[in-house]
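*Asks:* Before I ask anything, here is the structure I am working with.
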Amino acid sequence: MNGMLRRVLSRPEPRLLSMRCLSSGAGEGSAEDTTKGGSPEATPLRSRPNALTDEIIRVDHAGELGADRIYAGQMAILGNGPLGKTIGHMWEQEKEHRRQFEQLIQQHRVRPTIMTPIWNVAGFVLGAGTALMGEKAAMACTVAVETVIVEHYNDQLRQIMEAPNPDKELLATITKFRDEEQEHHDTGIDHGAEQAPFYQAMTEVIKFGCKTAIAISKKI
């Protein structure tokens, strides 16, 4: 078990360990599966989840919704500039993350956090606000958010692996998403995040906000 846990928690690259620091939109990223006739396909229900799975799905759904809106905000400001394609690629991945957690919410009959409307607005404002400060500030926002998300996903992977009956499907989903979030973090570093004005202070504030949102979404 310990060897398996170490393999799951291994990251694509060790760059996060050396860095200095590091949450429902109107239809974006919420595409439904459809049948050949074009009608929505019913999502198969599963047995009620245990407390850990319930909490993980609720908080990760909230987090991926927030991330979706952050990139939507960045695209609204920088989408036509040099970073448009890069931000657009990361946004497409976040929309898929959100779509899959929306599906898990339905399948497991998990109650979403009541903070969803707030995270929706706050995410867009954070993304657009930092983008207005410039490309490097937007990338600093990405680095801060993705650092918290990667650490959060790693904590969840440990919890799942230590559970009596690990949910292998959820384990695989979170592992995949963790790796893509790490990629987003590294992209931010590569595009000058650490050169943003007040990088240290800004990223610490964003990290604190993300951690607070996670803590709240776990419970309500």
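Cβ coordinates are placed from backbone N, Cα and C, and glycine is handled just like the others.
The annotation region 'Disordered' is assigned in TrEMBL to 23-52. According to TrEMBL, the Fe cation 1 binding site annotation covers E64, E94, H97, E181. Among the features that TrEMBL reports, Fe cation 2 binding site is placed at E94, E146, E181, H184.
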*Asks:* Using Cα coordinates, what distance in whole Å links E64 (Fe cation 1 binding site) and H184 (Fe cation 2 binding site)?
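*Replies:* Computed Cα spacing between E64 (Fe cation 1 binding site) and H184 (Fe cation 2 binding site) is 13 Å.
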*Asks:* Using a 10 Å cut-off, grab the number of neighbouring Cβ atoms around the Cβ of E146 (Fe cation 2 binding site), all chains included.
*Replies:* 27
*Asks:* For a quick check of packing: other C-beta atoms within 10 Å of the C-beta of H184 (Fe cation 2 binding site), how many?
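*Replies:* If we count other Cβ atoms within 10 Å of H184 (Fe cation 2 binding site), we arrive at 24.
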*Asks:* Tally every other Cβ atom lying within 10 Å of the Cβ atom of H97 (Fe cation 1 binding site).
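*Replies:* The answer is 25.
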*Asks:* Specify all same-chain residues, apart from the site residues E94, E146, E181, H184, whose Cβ lies within 8 angstroms of the center of the Cβ atoms of the Fe cation 2 site, ordered by sequence.
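*Replies:* Apart from the listed residues, the neighbours are A67, M90, Q93, T142, V145, I149, V150, E180, Q182, E183, H185.
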*Asks:* Between the binding-site residues E94, H97, E181, which lies closest to E146 (Fe cation 2 binding site), Cα to Cα?
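*Replies:* Its closest listed neighbour, by Cα, is E181.
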*Asks:* From the Cα of H184 (Fe cation 2 binding site) across to the Cα of H97 (Fe cation 1 binding site), what is the distance in angstrom?
*Replies:* 13
*Asks:* To see if you understand the setup: which same-chain residues, six or more apart in sequence, place their Cβ under 8 Å from that of E181 (Fe cation 1 binding site)?
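*Replies:* Listed in sequence order: E146, I149, V150, Y153.
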*Asks:* If you take the centroid of the Cβ atoms of E64, E94, H97, E181, the listed Fe cation 1 site, which other residues of that chain have their Cβ within 8 Å of it?
*Replies:* G63, A67, D68, Q93, E96, R98, I149, F177, E180
*Asks:* Measuring Cα to Cα, tell me the gap between E94 (Fe cation 1 binding site) and H184 (Fe cation 2 binding site) in whole angstrom.
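*Replies:* H184 (Fe cation 2 binding site) has its Cα 10 Å from the Cα of E94 (Fe cation 1 binding site).
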